[in-house]
Amino acid sequence: MKDFNPILKTLWKSKTGPLLLIVQIAVAFTILINVSFMASSKLHELTESSGLDEEVLFSFRSNLPVESEEYVALLRQDLADIKNLNSVESVTVTNSVPLSGWGVFYSLNASDDPDSYIAQAGAYVGSRDYISTLGLDIIMGRWFEESEMEFTTEGNSDRSNSILVTKAMAEQIAPDDWSTAVGKAVYMNGRAYQIVGIIDRLIATWPEWRGNERSVVFPTYIMAGENIFMVRAKSGQLEQAMVDVKALLMQQPGKFVTDLHTFKYTRETGYKAMESSFIILAGVTVALIMLTMLGVFGQARFTLMKRRRQIGTRRALGASKFHIMRFYILESLIVVGAGVLLGSLCAMIANVKLIELFRQDAVPYEYFLYGGVGVCIASLIAVIPTAYNAANTSPAIATRSV
Amino acid sequence: MLKMRGVAKSFVTDTVKTQALQPFDLDIEQGEFVAVVGPSGSGKTTFLNIAGLLEEYSEGQYFLDDKDTTGLSDKHKSALRNQKIGFIFQSFNLIPELNLFDNVEMPLRYRDFSAKERTERVLNALEKVGLAGRKSHYPQQLSGGQQQRVAIARALAGSPSFLLADEPTGNLDSKMADGIMSLLRDINQQGTSILMVTHDMDQAKQAGRIVEIRDGHLSEQKIAMTA
Amino acid sequence: MGNYYFKLAWLSFKKTPLLSLLMVGTIAIGIAAAMITITVGYMMGKNPLPHKSERVAMVHLNSWDPAEPISYRRNGEADIPNMLTYQDAMALLTADKADKHVPFVSFSTLVRTETQDVKSAEMHNIRSTSRHFFSVFGAPFIYGATWSEEADELGQSVIVLSKRENDRLFNGANSVGESIILDSKLYRIVGVIDDWQPTPKFYVNSFHMYTPTLPYFVPLESQIRNDFFSPATMGWYCWGDDATSTLKDVMSSECVWIRFWVEFESEAKKYEYFQFMADYTEEQRKVGRFLRPEPNRLMSVTEFLEEEGAITEESKLGIVFALAFLLACLCNVMSLMMTKFYGKGGEVGLRRAVGATKKDIAVQFGCESILVGLLGGVIGLALAQLGLSALTDMYPEYHANVMTMNFTLMVSTVALAVGTSLLFGLWPIYRATRIQLSSQLKSL
C-alpha cells in the first residue's frame, strides 16, 4: 500500500471536493440503510402467506330480510343452500375477512389482572366449516366440538370459553415452547378462555398491523341481520361459484349481496398501500445508489481535470497505466470508505432516533455490511471509466506548456 | 505615467526565500512603446503582473498616473485595471461562448457606461482593429491573428492609459505576427503607451525602449535606431 | 446588469450542457422528493376549520369496562373510547348544554330513485346525524338546506344528497322535494350539498381521515325508526355480555358507536361544558356506570387531530428522509458547481484582469447558481406534480386533496430550489473569486 500516504496527502491538499463527497455519501448511506431495511421489511410482509387457500376463496356480505327471531334459522338455511351448489366446496359465515381492514381485536392477558398483558390479537369467529373453507392447518390440539359452536342473537355470558390461537400468538403465550400453549388459559376483558388448538397461520384483518400474525378464533357467532360469508369454490370454478351464490341468494325478496370479491382482490386492495410504499422505498434505494455513483463520478472527473498534467508527468516518469488506475481507484475507495463509515455512524444514530420517534425496528448489522459493500462496488463502477481515461493520459502532456 | 521606485518581489516558501525581482526603478512616459525582454524564468512575468496590478509587490512604490497603488484594496485595484490598463495576452483569452461584440464589451461592463456609450466604444475599437464588420462572429470563427486583433480591441475599448501585452505574437505565425506588430505600432503612434513582454529581439527593436530582465535584475538597454 | 449576468449564466449553461443538466436534474429530483413529502405532510396537517377549530370539540366519555381499558395510547397510558353509547349520546342531547350537537354514525343500504327498479339499486354508506352536521363541519348547500329540528326529533325520513349522487340520480337538477328509496323506505330530499372534502376529514378517526365524504345524510332518529343497522361495516366497540344482534340491542348496550361533536359560541362555554360532562359522569357513577379512573375528554379539532395522528408517522418520516435526500443532492450539486467554476478559472482571471471586482464575479456566478436553481425548481415542480399524481393512484385510500399542491406550495417549491442552490453555491462562488489572478491568464 505504498500509494496510501501520497493519496492521503493529495486528498488533504484539496479537501473540499472529497469532503463534500464524504458528506454526500454519509447522508445517502444513512437514508439508504434505513430505507432499504424498511423496503425489505415491507417486502417480507407483502410476500408473507396469509395461511388461507387464497386461490379458491371469495367473500361477500349479505342480509337476513326477516325478523330477528328467524335469523338463526335463515342463516343455517343460507349456508346449507350455498354448500349445495355444484361449484361450491364449502362455506362459512365469519365476523370479518382476513386483510379486509375491518374487524375486532382483543388484548390477551395471562390473568385477570390487566397488568399481565401478553399481546393483542385479531379475533375471528366462524361456523363449523371455517377451518376447511379457509384451508387452515391445525398443527396442535383440535377444532371446536359441535357442542361448543353456536349461532346466537342473545348476550354472550354463557358462551363456550374454548379458543384456538395462531402459532405466532402461541409463541407469545408460551415463549419457551409454543406447543405447550394448548390447554393454557388466557384472559380477555377479564374473562378466562382455554386454548384448545393452534392454527399454523391465519393473518389478522389489518394488512399494515405488524402483529397481524397473531389471531384468535372463537366458537360463538353472534348473529345480526347482516353477515359476512367466505366461500371456498371447487377448484377452477371460482368465478362460476360467485355467480351461482349471488343468483341463489337474490331469489329471496329483500336480500342483498354486496362486497362480493375474490380473496385475491381483498388481499391486493389491502396491501395496495404497503405495495406502493415498497415501490417508493425501493425506488429511493436505487436513486440513492445512483446519486452516490454520480457523486463519485463527478468528483473523479473533477480531479482528473485538475491533475491531467500531474498524471502526464507521472506517466513520463515511468508510472504504468496500472499504477495510475490503482492510484485513482484507491483514492476513490478511501473517500467512499470514509463516507460509508461516517454514514454507518449516522445511520445508527438515525436508527436509534427512528426507533424512538417512529417505532421502527433496529436495522440488523448485515445491512451495514452489505450496504457498505454495495456502495463501494457502485462507486468502483462509477470511477473506473474516469480512472481508465486518466491512465490513458499521454505522457507528452507533461512537456507541453499549458 | 508609470513610475516605479524600489519595487521588488520575493516569495517565501517554507524556509527558502526567493528573490524574484531585485529592487528597481522605472519610469514610462505617456506615448512610449517599451519592450521587456529576457530569458524564461528571469522574472519577466512577475514584472508584468506587478505592472498590471495582478500581483502584489513586496517592497517599493508603484505610481500609476501619479496615484500610489501601494496597499490599495482589491476593489480599487480592479477599478484601476479597468480604467488605466488594457491587457493583451499571448493566447488571446477570448471567451468562446461570447461573440466579438460581447467580448470587446466585457471590460466596459465593469464601468458605469450607458448602453449607448458601450456600443459606441465597442464599435470604435473594432473599427480600429479592422473587424467592425464581424462583430456578431464568435472567436472560433476567426484566425489567430484576427482573434488577437479582437483582444486588442477589447484592451482599447476602455481607453486605457497603456496597453500591457504579454508575448502578443507568441501563438501566431510570422505573417500574422507582423500584422499585429504593425497594429500595435499604429496604436502607439496614436498616443497609447504600450508595455510589451517578448523574447523576440526583432520585435523588441520595433519598440522605442528595451528593458531587459535577467535573473531578477532589471536594466535599461540602449538600442540603435536602425529602422 | 442583472440581464447581462443571466445572459452569461445561460451561455455558460449551454457551454457545458452535460454538467449543467446533471446539476439541474439533481436539484430537480431532490426538490421533487422533498416537496412531494412536504405537500402530503402539509395537506394532512392543515387545520380544516381554521376560524373555529377551538370552538368545535369532540366528546369522549369514559363509559368503558372497569376490568380493562379499551386500548392504550401511544405513550402507553390507558385510553378511553372516542365514541359514546346510545344512552349517553341521548343524555347529552337532551341536556342541550352546547350550542350545536352533532352525533353521528353510519349505515349502509341500497339506494334508488322511485323510478328505478329494485335491481338497479346501489349499496351506499349513509351518514346518520343531526341537522347541525353541515353548519358545524362547513358543508355548503347548492340546493335546499338541512332538515328541521322537528325532523331530528321525530325522525322524519328526510335526506341530504351529495352533488355527485344528485348528478347521478337526477342529472344535477334541483331535486329538493323529490324522493329516493333507502332499502324500502321512502326519503324526501331536503337539500343537496356541493362537492365537499375537508382535508383532513377531521371528524372521524385517523383511519378514515383521507377517505371521501359519505354521499347521503339522514337524521339519526330516522335511522332508528327505520331500523337501519350495519354491524359488519360500522365502527363500534363492545364489552360485557349484552346482546348486540339488532339495533335495539346495541342501543341499550354498553357498546360505543356514536361519535359526538359539539360547537360553542365562545371558548369559555367549552370549559363549562367540560364541567357538565364531569357532573354527568358523577351522576352515572351513582348507578354503577363510569367506573374507570381515566378522565373524560373534550377535544378541540386541533387536539383531536394531534391525538389521532392526522399526519401519519410514515409521512413525517418521509419528510425527514426526503430532506436528507435533498441534502445529499445539494452536496452533489455543490461538487458539480465546484467543477464548473473551476473550469471557468481562466474566464475569472480574465475578467478580474480587465477590472471585475470579486463582487462582480460573485454576482455573475450567483446568477448562474440562481439559474440552475430556477430550472431545477421548475423541473422539480413538474416532477413533483407527476409524483403526486402517481401517489394518488398508489394510495387509493387517500383522497386526492392530500396529494395536491396549492399555489403557496408551488411557489415554495421553486423558491426552495433557488434558495438552496444559491446557498450551496456560496462556497464554490467564494472559491471562484479567490483564484490566483496571475496564474489563470496563460490560457483560457
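Positions of Cβ are set from backbone N, Cα and C atoms, glycine also.
What you are looking at is a predicted structure, and each value in this text was computed from that prediction instead of being measured.
Residues or ranges marked as domain 'MacB-like periplasmic core' in TrEMBL: C:20-206.
Long-range Cβ contacts of the transmembrane segment (C:21-44) within its own chain (Cβ-Cβ under 8 Å, at least 6 residues beyond either end) map to 199-200, 209-210, 310-312, 315-316, 318-319, 321-323, 325-326, 328-330, 332-333, 336-337, 340, 372-373, 375-377, 379-381, 383-384, 387-388, 391, 401-405, 409, 412-413, 416-417, 420-421. Residues or ranges marked as transmembrane segment by TrEMBL: C:21-44 (among others).
Same-chain residues lying 6+ beyond the ends of the transmembrane segment (C:317-342) with a Cβ under 8 Å from its Cβ atoms: 12, 16, 19-20, 22-23, 26-27, 29-31, 33-34, 36-38, 40-41, 348, 365, 368-369, 372, 420-421, 423-425, 427-429, 431-432. If you look up TrEMBL, you'll see C:317-342 (among others) marked as transmembrane segment.
For C:319-436, the entry in TrEMBL reads domain 'ABC3 transporter permease C-terminal'.
Among residues of the same chain six or more beyond the transmembrane segment (C:363-387), those with a C-beta under 8 A of the stretch's C-beta atoms are 1-2, 5-6, 8-10, 12-13, 20, 23-33, 35-36, 39, 333, 337, 340-341, 351, 356, 405, 410, 413-422, 424-425, 428-429, 432-433. Annotated transmembrane segment per TrEMBL: C:363-387 (among others), in sequence order.
The annotation transmembrane segment is assigned in TrEMBL to C:407-430 (among others).
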Per DSSP, what is the residue tally for the domain 'ABC3 transporter permease C-terminal' (C:319-436) in helix, strand and coil?
-> 102 helix, 0 strand, 16 coil
